[in-house]
Amino acid sequence: MIPVLIVLNAGSSSVKFQVYDMPDGTEPRLVWKGFYEGLGGAAHFVVRHAGGVDLDEKSWAPGEEFGHEDALMHLVSWLRQHQEGRSLAAIGHRVVHGGEAYSSPVLVDEAVIQKLETLVPLAPLHQPHNLEPIKIVRRRLSGMPQVACFDTAFHQTQSDIASLFALPREMRERGVRRYGFHGLSYNYIASVLRDYDPHLAEGRVIAAHLGNGASLCALDNGASIATTMGFSALDGLPMGTRCGAVDAGVVFYMLREMKLSPEEAERVLYTKSGLLGVSGLSNDMRVLRANAAANADARRAIDLFVYRITREIGSLVAALGGIDGLVFTGGIGENDVATRSEVIARLAWAGFTLDEAANRAGGPRISSGPGPTAWVIPTNEELVIARQSCSALGARQAKLAS
Ligand code: ADP
């Protein structure tokens with residue numbers, strides 16, 4: 001029997017999953033991938049072969065109230081029916097916040113769940129949804145090994161100064177500091193950079209994860225030394241619906257003068273801002289690009305996005321003391337030719353020259369000339385979760401054997 005691992009990435013109404021074979025001592029191998037969406041309403045399940053060919057799908061009517069627990073149990077039973085020579089050995093989870101306690105993946109037990117629950121106030125829109133499947137598995141598949149892999153962990157290499165806000169000391173002592181997110185994505189980029197350019201992997205690199213959420217990470221010899229997201233996933237770049245960095249005074253103005261409740265202000269900053277808020281049209285870059293010529297607000301939203309990316313790159317170049325390479329990843333970074341070319345055009349001062357044909361072709365290298373290099377590298381956060389889960393489980397095996 002080949003042991004298999006399920007990797008779960010759970011959101012409020014969706015669960016993305018991947019299933020990996022875990023051959024002894026080698027890289028986990030993707031077998032199936034898919035998702036449940038519309039959970040709690042009209043749910044829909046799709047599963048594909050690793051190569052992308054559709055394998056199975058199913059829909060549930062809105063009245064069936066098919067939720068997260070139903071989805072997980074459905075997935076486990078689907079696996080049992082299709083696993084041929086495989087057996088479910090463990091589940092790896094994406095968890096957005098590991099706080100100060102976890103700088104690496106952790107095997108889940110009751111104490112870990114309790115610790116992760118205390119971090120819910122730090123990531124109220126993500127952490128509860130990440131923890132829910134962990135609790136469901138503990139309840140319904142008692143004894144199943146589970147590993148939590150954190151978006152914050154990769155940034156724990158940052159210096160004390162890089163993670164500090166200029167707030168009173170007691171705030172820092174109560175966990176108010178910069179954590180940083182998208183760490184699973186940056187971990188993947190750092191892990192594969194050597195395959196693209198061994199010299200660059202040891203150099204000063206800025207990775208730009210531009211998706212619905214967006215951030216930048218400064219990598220020095222593969223380690224995170226600074227990032228644009230901070231205490232929460234709101235900070236830094238404007239995103240699909242999140243504002244990115246705003247003056248904290250704006251929040252007090254919203255509360256005191258505009259009479260928004262804290263919940264209303266939070267909703268504005270997380271769900272009504274960013275590309276959607278500025279354009280008044282969409283959070284989807286494809287829609288904005290299609291309308292930019294005729295719609296001035298769509299153009300402004302894109303221009304602000306590009307301007308903020310290049311300004312923050314300037315700040316990270318200063319933190320790194322120079323730049324050897326820039327990597328684009330995430331839905332926009334991997335697919336939007338125009339965003340890449342607009343960003344690189346604004347970085348001529350740093351010595352970047354765009355190779356337009358390579359950019360149109362999607363890379364991997366999209367720069368030319370002697371200056372710093374620019375790249376498009378598709379991210380793979382699920383593979384990082386699979387790798388981290390295998391190594392945490394391997395360490396447990398070794399401990400049990402000794
Ligand atoms: P998430 O952060 O939710 O994982 P993704 O990384 O999938 O999101 O990125 C979603 C974003 O990628 C959306 O803004 C979408 O418009 C953008 N995107 C996806 N494909 C393209 C494309 N071909 N051209 C431009 N933008 C794209």
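Just so you know, glycine gets a Cβ as well, placed from its N, Cα and C.
The model shown is predicted, which means the values in this text are computed figures rather than measured ones.
For reference, TrEMBL has these:
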- Asp151: active site, proton donor/acceptor (ACT_SITE)
- Asn9, Glu381: Mg(2+) binding site (BINDING)
- Lys16, His209, Leu210, Gly211, Asn212, Gly213, Asp284, Met285, Arg286, Gly331, Ile332, Gly333, Glu334, Asn335: ATP binding site (BINDING)
- Arg94: substrate binding site (BINDING)
- His182: site 'Transition state stabilizer' (SITE)
- Arg242: site 'Transition state stabilizer' (SITE)
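By the criterion of other Cβ atoms within 10 Å of the residue's own Cβ, the least surrounded of the recorded positions Lys16, Arg94, His182, Arg242, Arg286 is Arg286. In the three-state DSSP reading, Leu210 (ATP binding site) counts as strand. Selection of the binding-site residues Asn212, Arg286, Ile332, Glu381 by a Cβ distance under 6 Å from ligand 1 yields, in sequence order, Asn212, Arg286, Ile332. Note: the CA-CA distance between His182 (site 'Transition state stabilizer') and the residue listed as 'substrate binding site' rounds to 11 Å. The DSSP secondary structure for Arg242 (site 'Transition state stabilizer') is coil. In the three-state DSSP assignment, the secondary structure recorded for Glu381 (Mg(2+) binding site) is helix. Secondary structure at Asp284 (ATP binding site), taken from DSSP and collapsed to helix, strand or coil, is coil. Ranking the binding-site residues Asn9, Asn212 by C-beta neighbours within 10 Å puts Asn9 at the top. For the recorded positions Asn9, Arg94, Arg242, a Cα to Cα distance of within 10 angstroms from Asn212 (ATP binding site) holds for Arg242.
Here the Cβ of Asp284 (ATP binding site) has 16 other Cβ atoms within 10 Å, regardless of which shown protein chain they belong to. Cα-Cα distance from Arg286 (ATP binding site) to Arg242 (site 'Transition state stabilizer'): 17 Å (rounded to the nearest whole number). Around Leu210 (ATP binding site), taking its Cβ as the centre, 25 other Cβ atoms fall within 10 Å, counting all chains.
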